[in-house]
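Features as listed in TrEMBL:
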| type | residues | note |
| --- | --- | --- |
| TRANSMEM | 62-81 | transmembrane segment |
| TRANSMEM | 93-114 | transmembrane segment |
| TRANSMEM | 134-154 | transmembrane segment |
């Protein structure tokens with residue numbers, strides 16, 4: 001049981017790190033010396049220069065979804081530790097699982113909106129590609145969903 005709990009905690013912390021990195025790092029779109037994320041557009045070259053991101057409503061919804069996913073995942077981890085010590089034997093971690101599933105759905109919604117609508121605030125270019133932070137956001141989605149399902153199925157033993 002101890003190894004199972006340790007594995008779940010490692011999975012949860014991994015999801016949390018992926019969510020933090022994908023929300024903060026400036027690599028959602030990459031075009032040569034230009035990189036863009038949810039918060040700013042940066043150009044490197046002779047000098048590194050960053051400008052504030054667009055105030056587009058779709059971009060703001062992506063920002064909100066990513067922040068909500070981080071908040072739900074942190075709450076889920078906190079609730080897991082609280083339930084670990086207060087839940088009766090045989091009880092399930094429903095609340096923890098629901099918050100983690102919500103975190104997964106929020107990151108999926110944010111990444112899907114970014115995928116479909118990023119041309120509204122960034123000029124489409126032939127050399128533009130998705131950066132590693134965008135990929136980490138999509139990677140966090142199935143991991144968060146899986147850990148949420150594991151929490152719902154998991155029963156507390158001794």
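The backbone N, Cα and C atoms fix where each Cβ goes, glycine too.
Keep in mind that TrEMBL annotations are predicted by a computer and have not been checked by a curator.
Packing against the transmembrane segment (134-154) from elsewhere in the chain are residues 4, 8, 11-12, 14-15, 18-19, 21-23, 27-29, 66, 69, 73, 76, 80, 92-94, 96-105, 107-108, 110-111, 114: each is 6 or more residues past its ends and has a CB under 8 Å from a CB in it. The list of residues near the transmembrane segment (93-114) in space but at least 6 beyond its ends in sequence, with Cβ under 8 angstroms from a Cβ of it, reads 12, 15, 19, 22, 28, 38, 58, 61-66, 68-70, 72-73, 75-76, 79-80, 83, 87, 134, 137-138, 140-145, 147-154, 156.
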